[in-house]
Amino acid sequence: MLTILINAFGLFLIIIAGFTIKRIGLVDKKDGQILSKIILNLTLPATIIIGLNPIKVTGEFLILTGSAIFINLILVLFAKKIWNKKEDYHRILFMYCITGYNIGNFTLPFIQSFYPEASAYLFMFDVGNCIMLAGGTKMIVTSAIKKDDASTGLNTLLTTLKGSVPFITYIVMLLIRSLHLALPDGAISILQLFANANGFLSLLMIGIYLELVLPKKESIVVRKILFWRYSIGAILAAVIFFIIPLPNELLRLVLTLICFAPIATFSVINSVEAGVEESVAGFISSVSILISLALMTLVMILAT
């Protein structure tokens, strides 16, 4: 238990370091955007390549991708149903922020710090997660508030996925491994230099983006969103951990932890684009990261 707490505290300190250097003026949010581009285009793709290079593509991994799509669908349709009579602004906020998981920038470095071999499971889940974040969820939200049609939503999905370096990396590596090919050791050694920086840069970026100021008028709504997100997450985690038969315990633990993962950055971007105040979306995202860090650490302690 002590090892888990020390490791989690170290990850928390990186986030606090990012927040601190922003507060004292060493960096600002624009620097966070630069870090984000470096992560999405260099360190995260390198991490994906290294994680997928040794795996065998099996039905187990395809099930993970399908599970991600299914879980995201359940969450967004649940939000659509129970907040059906709310004003559009709050429906948009709820539907975007109850769904989507921050895998690459938070869950990956968190779980990798304990189980490096679990990265392949995370990547396969994130393929389905990306499909929903890039446009699947958006199609449902826009149809619910009658601001768009399905064809426009589908075009958005395809355009976003084509421009996503991590998603393209997923697809290319899955094709390579499906053909039983692999990158040479020399290439992996070079890519490892990039991948080694991914966890630190991702958590530092989270700290730079951390926002802990919320307009009072939105506090009740934010509490409800976070309550529902983590309550449903707890139910899903219990079903996965105690009921669903899975081929191995590492997969069971990874899926259980994902249920408590924080709100995805893409969910924040989509909600802001749909008219939600940036301060509100940013606050929910920031608080969810702190809650997730605590809950995922607790799960690690209880499960190991």
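Just so you know, glycine gets a Cβ as well, placed from its N, Cα and C.
The transmembrane segment annotation in TrEMBL covers 6-26 (among others).
Taken from TrEMBL, the feature transmembrane segment applies to 38-55 (among others). Sequence-remote contacts of a segment are chain residues at least 6 beyond its ends whose Cβ falls under 8 Å from one of its Cβ atoms, and for the transmembrane segment (38-55) they are 61, 104-105, 108, 119-120, 122-123, 164-166, 169-170, 173-174, 177, 182-183, 188, 191-192, 194-195, 197-198, 201-202, 205.
TrEMBL lists 61-80 (among others) with the feature transmembrane segment.
What TrEMBL records for 92-115 (among others) is transmembrane segment. Sequence-distant contacts of the transmembrane segment (92-115) (same chain, at least 6 residues past either end, Cβ-Cβ under 8 Å): 4, 7-8, 10-11, 39-40, 44, 47, 68, 72, 75-76, 78-80, 83, 86, 122, 125-126, 129, 132-133, 137, 140-141, 144-145, 166, 198-200, 202-203, 205-206, 221, 224-225, 228-229, 232, 250, 253-254, 257-258, 261-268, 270-271, 274-276, 280-281, 284-285, 288-289, 292-293, 296, 300.
Listed as Cβ neighbours of the transmembrane segment (121-141) (distance under 8 Å, sequence separation of 6 or more from its ends, same chain) are residues 48, 51-52, 61-62, 64-70, 72-73, 76-77, 80, 91-92, 95-96, 99-101, 103-104, 107-108, 111, 148, 150, 153-154, 156-158, 160-161, 164, 166-167, 170-171, 174, 250-251, 254-255, 258, 264, 266-267, 270, 274. Residues annotated as transmembrane segment in TrEMBL: 121-141 (among others).
Taking Cβ pairs closer than 8 Å, the transmembrane segment (153-176) reaches residues 40-41, 44-45, 48-49, 52-53, 57, 104, 123, 126-127, 130-131, 134-136, 138-139, 142-143, 182-183 in its own chain, all 6 or more past its ends. Look at TrEMBL and you will find 153-176 (among others) tagged as transmembrane segment.
Annotation source TrEMBL lists transmembrane segment at 188-214 (among others). Long-range contacts of the transmembrane segment (188-214) within the same chain: residues 11, 14-22, 27-29, 31-32, 35-36, 38-39, 42-44, 46-47, 49-50, 53, 104-106, 108-109, 112-113, 222, 279-280, 282-283, 285-287, 289, each at least 6 residues beyond the stretch ends and with a Cβ under 8 Å from a Cβ of the stretch.
If you look at the transmembrane segment (226-244), the same-chain residues 6 or more away from its ends with a CB under 8 A from one of its CBs are 71, 75, 78-79, 82, 94, 97-98, 252, 255-256, 259-260, 263, 284, 287-288, 291, 295, 299, 303. Summarising the annotation, TrEMBL assigns transmembrane segment to 226-244 (among others).
Long-range contacts of the transmembrane segment (250-269) within the same chain: residues 36, 60, 64, 67, 96-97, 99-103, 105-107, 110-111, 115, 117-118, 121-122, 125, 129, 133-134, 137, 229-230, 233-234, 236-237, 240-241, 281-282, 284-285, 288-289, 291-292, 295-296, 299-300, 303-304, each at least 6 residues beyond the stretch ends and with a Cβ under 8 Å from a Cβ of the stretch. The transmembrane segment annotation in TrEMBL covers 250-269 (among others).
Per TrEMBL, transmembrane segment is recorded for 281-303 (among others). Non-local neighbours of the transmembrane segment (281-303) in the same chain are 1, 4-5, 8, 11-12, 15, 93, 96-97, 102, 106-107, 110, 114, 206, 209-214, 222, 225-226, 229-230, 237, 241, 253, 256-257, 260-263, 265, 267-268, 271-272; each lies 6+ residues outside the stretch with a CB under 8 Å from one of its CB atoms.
Same-chain residues lying 6+ beyond the ends of the transmembrane segment (6-26) with a Cβ under 8 Å from its Cβ atoms: 32, 109-110, 113-114, 200, 203-210, 289, 293, 296-297, 300.
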